[in-house]
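Colleague: Encoded as C-alpha cells, here's the structure I'll be asking about.
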Amino acid sequence: MRYFITPALLIALKDLYSEWRTRQVVVTMLIFSALVIVTFSFAFDPTRQAVEALIPGMIWVITVFAGILGLNRSFLSEQKQDQLHGMIVAPADPASIYLGKVIANYVFVFVVQAISIPLLLILFDFQVPGDYGWFLLILFLGTFGFICVGTLLSAVSIQSKSSEMLLPVLLFPLVTPIVIAAVEATRIVLAQDASISEAFSWMQLIVVYDLVFFVAGFLLFEYVLEV
Amino acid sequence: MIETNGLSKTIGEKTIVRPINVSFQGAETVAILGPNGAGKSTFLNMIAGLIKPTSGLISFHGNALKKDDYTLKEKIGFLSHQSFLYDYFTPIENLIFFGRMYKVENVRERAKQLIDEVGLKLFQNEPVRSFSRGMLQRLAIARALIHNPEYLLLDEPHTGLDQQAVSILNEVIKARQKEGVTVLMVTHDFQQVTDTCTRALIMRNGRLVDDLSISELGQDTLDSRYQAVVKSS
Amino acid sequence: MDNKNSIFRFLIPSKGYNILFYLAIPIVIMALYLTFIWSPVERTMGEVQKIFYFHVGSAWNAFFAFFVVLVFSILYLVKRKRIYDIIAGVSAEIGVVFTAIVLATGPIWAHSAWNTWWTWEPRLTTTLILFFIYIAYIMIRNMEGEWQKKARLASVFGIIGFINVPIVFMAVRWWETNLHPVVLGDGNEQSGGGLEPSMLFTLLFTVATMTLVYFLFLRKGIYIEQLRLETSKLKAKWQEKEINREAS
C-alpha cells in the first residue's frame, strides 16, 4: 500500500497541479466540446421532438471526443524529459502510475462534463425529468470505464511516433460497449416517462466493463511501461 | 555492494550488452568509459532498474533487484540523459514531487538545502522551462540526490556544466564518497575521472574489456591505456 | 558454412507443413464437392444458401484465430520467446482475413434472405467491431521500433481486445433487441437445429476443412516470418562485415 496509494495520489495531484498552472488541456477540451455542441445544432435541427433523441448521444460524443484530446496529452507530457522513466525507477508499483493517471484523466473529463453538459441542456432547452441521481451515476460509471481503457491505451500509443493518430484507432473499437450501454442508459433515464429499472441491465453491463478493464489495466500496465 | 551476474541486453537483433560480471564494493567511485555505442548507458540503466535485462542478475548487498522490491529502489539515485523534470514546475516543486515519491522526510527543507548545494538558490521559484541546459543538469543532479541514496548512478553528469558547476558536482560526489556511497558514472571526461574516481571500467562493443584502479595510474596512463584497449581488435 | 546450412534449413518446408498440405488438397476438394454438388439446394433461398457453409466456417475460424492470439500473447508476456510473438501476429492476420470473408458473405446472405444488405444483427456487428480491433492490433505490430517493444504492446492489446469480445456481443445484442425488436428471429438456420441432416454434415465438414486450412496458413505464415527474420539477420551480418572491412 505504501508503494501504491501514496505514489498514485502524488502522480494524480502532480498532474492536476500542472494543469492548474497551464490550463492547456481542460481549456482545449472545453472549447472543443462547445464546438461539438454548436456543430450538432447546425447538423440536426433541434426541434422539440428531436432533442430528446439527440441529447444522450451528444453527451457521450462530447465525453468520448473531448476525452481523447485529454488522453493524448496524458502521457506525452511525461515523455519530453523521460519523466516516465523517473517514475519507473522510483519506488512505486507500476499499477500506481496507472491509478494516478486514471484519477487525473477522470478529473479532467469530469470538469469538462460539469461545464459542457449543463451548457448543452440550456442551449437545447432540455429539462432533465425526475431524478438527477441516476443520470449522474450513469455518467460516472460510463466515463470511468472509458478512462480506464483510454489511459491504458494512451500509454500504449505514446510509444509510437504517430501517437495522436494511433490512439483513436485503438480506443474506439474497444469502447463500443461503453458507448452503446451508456447512451442507451442515458436515453432511458432522460426519457419523459423514465422507468429506471430498464436502465439497470445497461448499468450492470457498464459496471462489468469497468471492473474488467480496471483490473486489466492494473495487471497489464507494467508490461506497457517496460523499457 | 553491487554485483552483476551475466548481465546482458539485446534490443531488436542487436546485442547491446554482452554478459557482464562485475562487482562494486562500498565507497567506490567507478567511471564507466568507452566509445559511443559501447553499451555503457544501457548497462547503467539496467542497474538502475529502468531497463529490464535480457538475461542475468543484479544484486545489491546480496539482494537481487526485483521489480517489486521497492525498499531497494529507495536506495538508488539515478541521473539519466534526460532530466526527468517537469517544465511548468519550479525547482522546489520538482524536488518536492520526487522527494515525496521517495518518501523523504522534511522534504521542503531537504529540497532547499540541495538547491543551495547546486547553486540554484536565486532561481528556486522560477519555472524550470526557462532554464538553460546547465541549470537543468544541476537541478537534475539535485533530483538524483533528494533521498540520500546509498547507490548513485550518473549518466554523463558533466555534460552541459560550466567550470564552476563541474567543481560543485565533483565536491558533491566526493562528499557522498566519504559517506560510503557507491557511485557509478558513465562519462567521456577523463579529467573528471582522474579527479573523482577510484576505479575505471572500459567497455567496448558491449563487453567489459578493462578494469583498472585510478589511484595507481596518472592521467597519461589512463589515456594511453584507454586508447590501447579501444583500438585493439 | 554455418550460414549456408541455416539458409537451407529454412528453405525446406518442415515435414509437418508437407503433411498438412497434402492432407488439405483432397479434403478441400471433398468439401467443395459436398457443398456444391452433394448437399441439397435450399427451398426458399436457392443457390445463395451455399454461401452459408463458408460464412459459418470463416466466422468460427476468425474467433479461433483470435483466441490463439490471446493465448500466445499471454505466453509471450510470460516467456518472452520470439516464436510466440510470431504465432500471435500470423494468427491475427489470418483472423482478419477470415473476418473479412464473414463481413463480405454476410451481406450477400442478408440480401437474399431479408432483402437488405446490412442488418445490425449482433453476430455481424460484433464481427465488424472484431475486425476493427484486430486491424488496430496489426497497426501496433507495424509501429516503428524494435520487435521486443512491438511484441510487448501488441500482446497487451491482444489480451484486452479478446476479453472485450463477449462484452461487445452482449452490448450489441441488447441494443439490437431494444431498437429493432423483430427484424429477424434468432436465425433458426444458424442454430443448426433446423438443418437437414445432409446440410448439417456438409456444414460440419466445411468447418473442419477450414480449420485445417487455418492451420496450414498458420504454419506457412510462421515459416515466412522465420524466413524474413533469417534474411534480415544475414543482411545485418553482411553489413557489419562490410563496415569492418572498410574500417580496416
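Each Cβ is built from the backbone N, Cα and C atoms, and glycine gets one as well.
Quantities reported herein were computed from a predicted structural model and do not represent experimental measurements.
Grabbed the feature section from TrEMBL, which reads as follows:
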type: TRANSMEM; residues: A:25-44; note: transmembrane segment
type: TRANSMEM; residues: A:50-71; note: transmembrane segment
type: TRANSMEM; residues: A:106-126; note: transmembrane segment
type: TRANSMEM; residues: A:132-153; note: transmembrane segment
type: TRANSMEM; residues: A:165-190; note: transmembrane segment
type: TRANSMEM; residues: A:202-225; note: transmembrane segment
Colleague: Please give the sequence-distant neighbours of the transmembrane segment (A:165-190): residues at least 6 beyond its ends with Cβ less than 8 Å from one of its Cβ atoms.
Modeller: 52-53, 55-57, 59-60, 64, 68, 71-72, 126, 128-129, 134-135, 138-139, 141-142, 145-146, 149-150, 153-154, 156-157, 196, 198-199, 202-203, 205-206, 209
Colleague: Please work out whether the transmembrane segment (A:106-126) lies in contact with the transmembrane segment (A:25-44), by counting C-beta pairs under 8 angstroms that are 6 or more apart in sequence and asking whether there are at least 3.
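Modeller: Taking Cβ pairs at least 6 residues apart, the transmembrane segment (A:25-44) and the transmembrane segment (A:106-126) are in contact, with 3 or more under 8 Å.
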Colleague: Using a Cβ cut-off of under 8 Å, list the residues of the same chain at least 6 residues beyond the transmembrane segment (A:25-44) that approach it.
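Modeller: Non-local partners: 19, 50, 54, 58, 61-62, 65-67, 69-70, 73, 108-109, 111-112, 115-116, 119-120, 123-124.
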